[in-house]
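Working notes, beginning with the structure itself.
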Amino acid sequence: MSEQQAQGAEAAVDLNNELKTRREKLAALREHGVAFPNDFRRDHTSDQLHADFDGKENEELEALNIEVCVAGRMMTRRIMGKASFVTLQDVGGRIQLYVARDDLPEGVYNEQFKKWDLGDILGARGKLFKTKTGELSIHCTELRLLTKALRPLPDKFHGLQDQEARYRQRYLDLIANDESRKTFKVRSQILAGIRQFMVGRGFMEVETPMMQVIPGGASARPFVTHHNALDLDMYLRIAPELYLKRLVVGGFERVFEINRNFRNEGISVRHNPEFTMMELYMAYADYKDLIELTESLFRTLAQDVLGTTQVPYGEETFDFGKPFEKLTMREAIKKYRPETDLADLDDFEKAKGIAQAVGIKVEKSWGLGRVVTEIFEEVAEAHLIQPTFITEYPAEVSPLARRNDENPEITDRFEFFIGGREIGNGFSELNDAEDQAQRFQDQVAAKDAGDDEAMFYDEDYVTALEHGLPPTAGLGIGIDRMVMLFTNSHTIRDVILFPAMRPVK
C-alpha cells in the first residue's frame, strides 16, 4: 500500500468514527425530547447586525442594551475553560458569539454546548457588544441546538478544494466558500435587475412550453423525451423564440422570458447542456433599437449590481461606461486577419480556400454564408474582448432573421460579444411568411444532407405568420455567460448551482 493509499484509509477510518459519534449524540438527543426543534425565531441576520452596529463603539452598544436573536451554522469554536467564542454563519455572513458558562441556564454549557460539533445549526439570543479587538459580538443568554449535523464540514472547514466535489455537492461548496455564495447572490441580483429593467420598459414576462412537438428557434441538437399520455415523442426546448413570436402575433407587443433551454451538445467551460436564457420580442422595432437596449441593459446592471461600469475579468477590465464597438462581420475579419481580400468572401471557392488556410474543415452542406461565418468565428471572435456588436450576418446562418433591404444575402442581425464570447444574439424578425417557409425548407434540406443542428419545419409557426406579425425585433442573452463576466468566473459550472455531471460510479 502506498503512503497516499494509507493516508486515504486512515482518513476513512477517522470519518467513520466521527459519523458514529455524531449519530450517538443524535440518539441521545432523541431520548431527551425533540431532536429537531422548530420553535426558534430569529429577528436579525448577521449582515443586518454588521450594517447597523459595526460603526458604534462598545459604550454605545452597552447604553442601547440591544437584545437580538440569530441562527446559523457553527463554523468555528474556541473553548477557553468557562467561556468560548463561536463563529456563526447565516445567509448574510458571520457573527461572533460569546458563550459564558455562568450566563446560560445550569448545565447548558458543559452538558450540551461542549458536546455540540462544528456544522451544527444553533439559535442564539443575547446582547450586542464589542470585544477588545473591536469585533461586533453577541453575549449569549440563550443557546439552543436546532439541527444536529451528522457529517463534518469539509476538511474541518479549511475549504472544499476538490473542483468536482464542489459541483456535485454544491451545498458543501456554499457552506465552505465565501466566493461561491457571493457568485450566486450576484446571479440573483442580475436576474432581479433584468426583470426590473424589462418591466420598466413596458415588457410583460411570460412562460412558454418546455416540451415541444417541434424544437425551434435555434440551430442545435435537441433532447428527446416521450409523453406517455399522448404517446408522442417530444423535445426539450432549445429556444422559446417561435412561441414568443406567436404571442406578438396575438397582440402582446413586448414580451420576455427568463428560463431554461436544453441543447444536447458538448460540455465545456462555456457550455452546459441545460442553461438559462433571457429572450425578448418588441413590436414596431428593429435590430438597431435592440442594440441600444442591450447596451443600456448591461450598463445599468453593472452599475446597479456591482456599483461600477468598470468590470474586472481575469487580466482584462470591461468598460461598460463608454459606447460599445460596432463592426460588421466582414470588418471584423479584415481587422483581425488584415491579409484577407474582402472581395474573396464573395466567391465560394476563394472563401473556402481562406477557411482551409485558417484550419477550418469545410462541410459539403455549407454555402458561402456559412463559410464566411466560420471564418469570422475562427479569426475574430476570440479578439472581441471589450463589448462589441457584430452585424450583417449571412442569411444562410440566420433562418429566422429579416433580410437586409439593400443586400438580401445578409440579415438585419447582430451578435454581442464580451471577453471573446458571444453573450447575446438579436435581429429584426422575419415576418414574411412565404420567405420563412422557404427558409424552413432550406433547413430541412440541410438536415437531410447531414446537418444535425438544422431546424425542423414548423408549419404552425408559418400559419401564425400568415395572420400577420408586426415589424418586430428579438433578442436572446445567455444569463450564465453574463454572470460569468460579472463575477470574474472562468467556467460556466461556477455560475450554475447544479451543473450537468457524469454520475459517480
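Glycine too: its Cβ is placed from the backbone N, Cα and C atoms.
Taken from Swiss-Prot, the feature Mg(2+) 1 binding site covers Glu415, Glu422, and the record attributes it to sequence analysis. In the three-state DSSP classification, Glu422 (Mg(2+) 1 binding site) falls within a strand. Using a 10 Å radius centred on the Cβ of Glu422 (Mg(2+) 1 binding site) and all shown protein chains, the other Cβ atoms total 16.
Annotation source Swiss-Prot lists Mg(2+) 2 binding site at Glu422, citing sequence analysis.
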Spatial neighbours, same chain, of Glu415 (Mg(2+) 1 binding site) - Cβ under 8 Å, 6+ residues apart:
Phe389, Ile390, Tyr393, Glu422, Gly424, Asn425, Gly426
